[in-house]
Amino acid sequence: MSAIESVLHERRVFPPSDKASANAAISGMDAYKALTAEAESDYEGFWARIARETLSWHKPFTKVLDESNAPFYKWFEDGELNASYNCIDRHVEAGHGGKNAIIFEADDGAVTNVTYQDLLQRVSRLANALKKQGVKKGDRVVIYLPMSVEGVVAMQACARIGATHSVVFGGFSSKSLNERLVDVGAVALITADEQMRGGKALPLKSIADEAIAAGGCDAVKSVIVYRRTGGKVAWNEGRDLWLHELVENESDQCEPEWVSAEHPLFILYTSGSTGKPKGVQHSTGGILLWAAQTMKWTFDMKPDDVFWCTADIGWITGHSYITYGPTAIGATQVMFEGVPTYPHAGRFWEMIGRHKVTIFYTAPTAIRSLIKVSEADAKVHPKSFDLSTLRILGTVGEPINPEAWMWYYENVGGAKCPIVDTWWQTETGGHMITPLPGATPLVPGSCTLPLPGIMAAIVDETGQDVPNGQGGILVVKRPWPSMLRNVWGDPDRYKSSYFPEELGGKLYLAGDGAVRDKDTGYFTIMGRIDDVLNVSGHRLGTMEIESALVSNPLVAEAAVVGRPDETTGEAVVAFVVLKQARPEGDAGTKIANELRAWVAKEIGPIAKPKDIRFGENLPKTRSGKIMRRLLRSLAKGEEITQDVSTLENPAILDQLGEAR
Ligand code: WT7
């Protein structure tokens, strides 16, 4: 049975405990239904109410939703606010300056506590320094940093002066970084000398240097470098600046720049079905509102909770649930520099005990990989650690199979912590479909029901609703505040990718397939319906990997598909035709390894194909179209049962079916 089939057959139900419901923000299904009904009866009134209650506005908004230029929606547009003020100053002003904002644990275990007062000073200093470097409201700043307090400070400092940040994950290659610097038109880059992961120092500054040298980055006037390891770096006098020197003499007072709620807070690149990543543009008011509100609803955060989201700030999860969400509500959070398996595979559980974490949010891939090691070694099993402080668990980024869900529930949560399986995307800005810990009866593997105000639905290819029990295309029927506003510099792509005419031009197309349960109406996500893969919760476009492969001088043609993988959810499988004869044996292994390294250099190590198969050709129809469905079957090692009579070259299937 596939993972999805097993979810569809899942009949176990875990109702919320009385304890979980007692003081919950949404304390039961009645409370949930009341909020849903409020949103349905007065959509704008509902959003206006929570926007007023949740955020501090410098200038209150008078308009809620502007649909006059749909699908380019605007929310709270004449309202003014500042994200950094909302995330920091207002808590200090309320007397909570001494509260820990971030408990940072380094790769080597060193712990640093950063209070809201500290954060205010550090953000203000860097904000002043950025201004001195000529960075102005509306300018774009690229951030290429490891998991660090400096990363959060850099993002918040941009927000403070109205600059739009674009964070690039530290695992991306110089080429990927270059493309983003160019596309976004960055005026400054904030990076580090090196990053520490699993006891090893990995370069950042040298990759950043390469990225800038690759051209098109003339607008980048300053490169600000955080000294993390003290490793040796090349220095470009006049362009490169040490972060610590830059902020040393800056004032720790910086008046926030008040911006319209629609002012772009950040641009974050993500993969789509074409080769070029999309710059997903988010607004200040919308994303901040939803990041804060979902901290309260989905995670039921209370003032004494200690929250830990294990995502990297280079992804949307790190934006919404590290940099902005927890701080917007004045919470204490743990932030971790390293990897879950160093110095041992019990690191997560050890840290939960050390920092008395109450709410823990991670990816199914991490859980699946830790199941394997801890079932083999009792010393790193969660049961060997003190996890008694935990009260809520969460997952994000990919479907969780019921087996992994049950293991997480029993071994990490001690069968007493609800698991919130949060479905959302870079484009949605925050949670969309998720259980509520004090209200929703849980079904392993199902993300259950949409949050109040989120009009999620399942439709067919023409945009018509399908009945429960029947699979279809996941859409959102009404705009919501934290939705993306545009694809940076490419409004046509925004329209065609997310509001396609085939569906009538009004429905937001998520790109996932889904089905609702006949009885409960619960949603189960069935995976992407476009050419996007999800490997360990990382989103990769098959076309991006194909372009990387064909840019190698040895490669004539390449096709990339996904294959289900026990640990990483999906794995990348590449079918490659070389310009030279089809290699066999060791020669094939050698070239496959070369191509893997090539993809790592072109995109980043996360995009490396797990399996590369060489053929003299690819399976094509007589009109020359690659038959991807066949490739997917071959990748899985399935017997080919499809009709192959339209195939130009059926003999090729045997060659490509041979697992390497
Ligand atoms: C894609 C979005 C969500 C932030 C991190 C990833 C898949 C995400 C779930 C879930 C099943 C999920 C979808 C979605 N996905 N969460 N709980 N259950 N699938 O953001 O990189 O934009 O990827 O991740 O396929 O479309 P992203």
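Cβ from N, Cα, C; glycine included.
Going through Asp386, Asp512, Asp517 against TrEMBL, the one listed in the ATP site together with Gly397, Glu398, Pro399, Asp421, Thr422, Trp423, Trp424, Gln425, Thr426, Arg528, Arg539 turns out to be Asp512. The binding-site residues shown are Arg197, Gly199, Thr317, Val550; of these, the one with its CA atom nearest the CA of Arg528 (ATP binding site) is Thr317. Trp424 (ATP binding site) sits 36 Å from Val555 (Mg(2+) binding site), taking the CA atoms of both as reference points. A gap of 32 Å separates the Cα atoms of Lys200 (CoA binding site) and Thr422 (ATP binding site). Of all the binding-site residues in the record (Gly397, Val550, Val555), the one with the smallest CA separation from Thr317 (CoA binding site) is Gly397.
A coil conformation is recorded for Trp424 (ATP binding site) in the three-state DSSP classification, outside any helix or strand. Around Val555 (Mg(2+) binding site), the same-chain residues at least 6 positions away in sequence with a Cβ under 8 Å from its Cβ are Leu549, Val576, Val577, Leu578, Lys579, Leu595.
Counting in whole angstrom, Arg197 (CoA binding site) lies 27 from Thr422 (ATP binding site) by their C-alpha atoms. Between Gly397 (ATP binding site) and Gly199 (CoA binding site), the C-alpha separation comes to 26 Å.
Sequence-distant contacts of Gly199 (CoA binding site), defined by Cβ-Cβ distance under 8 angstroms and a gap of at least six in the same chain, are Asp107, Asp108, Tyr342, Pro343.
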